[in-house]
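Note sheet for the following structure.
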């Protein structure tokens, strides 16, 4: 059965044709020169110069039209007929005439392109006959053509050596060229007024063709303003001026995430604590949502799908100090609950507020929680009792941990960002500090994400609107590249699975899509092995420092027991602390 589709469109529905016209040039402004400013002019030589980056290519064309040669011209050749050709034999004579024809046609064609001299003749040597020169030129041309047909001049014979040479050179703006024409795609902007924050991004699992953006104003009581829209959108990268799908929740959505098993399911965590999910095939309204009485009591800052057989399980975290597990087939009650009480007493009043979650499919029973108190909690869902589910505690940052994420190549290594720095941790050292960290920045760091292609590359966004690219294999004190994206703070970062496009959202609801150059998204030879060795080396170093610190504490305790107790005056201690603090502030001002 033949299936046919017919598309009809009225002529009036097409766009209006352009009507071009010519206008004469006119002077819009005339600024006469001011001689009094001549003394302030600073001459610069050269003023401007041009640089040609691309290779110079040449194009040659030859029209080899067949040249008619007279058969009688054979009789005028030098030397006459060859000995092996009998003039009375018509067959041999015809064959010889055809060979001479082809040779003369080819010779004349070569002579059109230009005479070719094989080598300079000595001054004393007599000149060669014209036929010998043409024949020698013809033989050289035939040799060059045969050589070109034999050797592939575009083949790369030393690819491995070139890769090794490239690995030795650290990535920089000159060698890598940073971002290519950022922003590559037109930015997606919040189509509503007043503008809201774009709090979270999530790429479509099928080829990253679209991105889901959660829009929510996190200012206190800003969401109850009249006229404030609560919709979130799914944007198609090829149509950046209007959203592809509108998601209409009951409360503004703080976080969104696609289901990697069922691409049509989108999970959302709301500002009022509810968990909702959409099926994009069934419209803009949520399919189901959790009741308010069993939901979180604070905004849901983290929600993630779990790799179950049915693909319907998920979990969420909120600043109310709870982590709840859900099944979208039955959202009336949470299937499990965990109170983030690091004292392991299960007291909600002592719980730490979760502001970020991370779950790696390679570790299906473990997950990380970043709290607003600056502590990272490593949890194990398979523990027998709720207190045992809190496995390890990492005291990481001074302020809130805005993002915690595991390395896609080494799951025991994870990255956190908070206050003014980003830190790298390992679960092999539970009671120690981070094994690596970035320098302290002046603006706040708000989000981070690993590169899905290179194990030692990660991105950070800051409150001044810049994106830093770090490659710890080459440089650990300074970022490999810093790009100013916006004047607004960048709240969220999310990289595509292939590492080519990096999405970043701003406080005013604008989403920029930045294309990353091949140097930052191409895995080089032995890079994974070198990254593993680097993390292991830093972990051993941190363990040695930790052991030495413990030994020093033991010695200080023994020394304190041996000395008689001395009562210190609290006023003197306060004065000394105040003087030290003021001296530190003055030193920092002088340094800046």
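Cβ atoms here come from the backbone N, Cα and C positions, even for glycine.
Among the ranges 184-203, 204-223, 224-243, the stretch that TrEMBL annotates as region 'Disordered' is 184-203. DSSP labels the residues of the region 'Disordered' (184-203) in these numbers: 0 helix, 8 strand, 12 coil. Taking Cβ pairs closer than 8 Å, the region 'Disordered' (184-203) reaches residues 210-218, 225, 227-229, 231, 233, 235, 237, 240-243, 252, 254-258, 266, 491-494, 496-497, 501, 503-515 in its own chain, all 6 or more past its ends.
Mean pLDDT, taken over the repeat 'WD' (293-336), works out to 88 on the 0 to 100 scale.
Per DSSP, the secondary structure of the region 'Disordered' (546-580) breaks down as 28 helix, 0 strand, 7 coil. Beyond the repeat 'WD' (293-336), the same-chain residues lying 6 or more positions past its ends with a Cβ under 8 Å from any Cβ of the stretch are 218, 254-255, 257, 259-262, 265, 267-275, 277, 287, 348, 351-359, 361, 364, 367, 369, 372, 379, 381.
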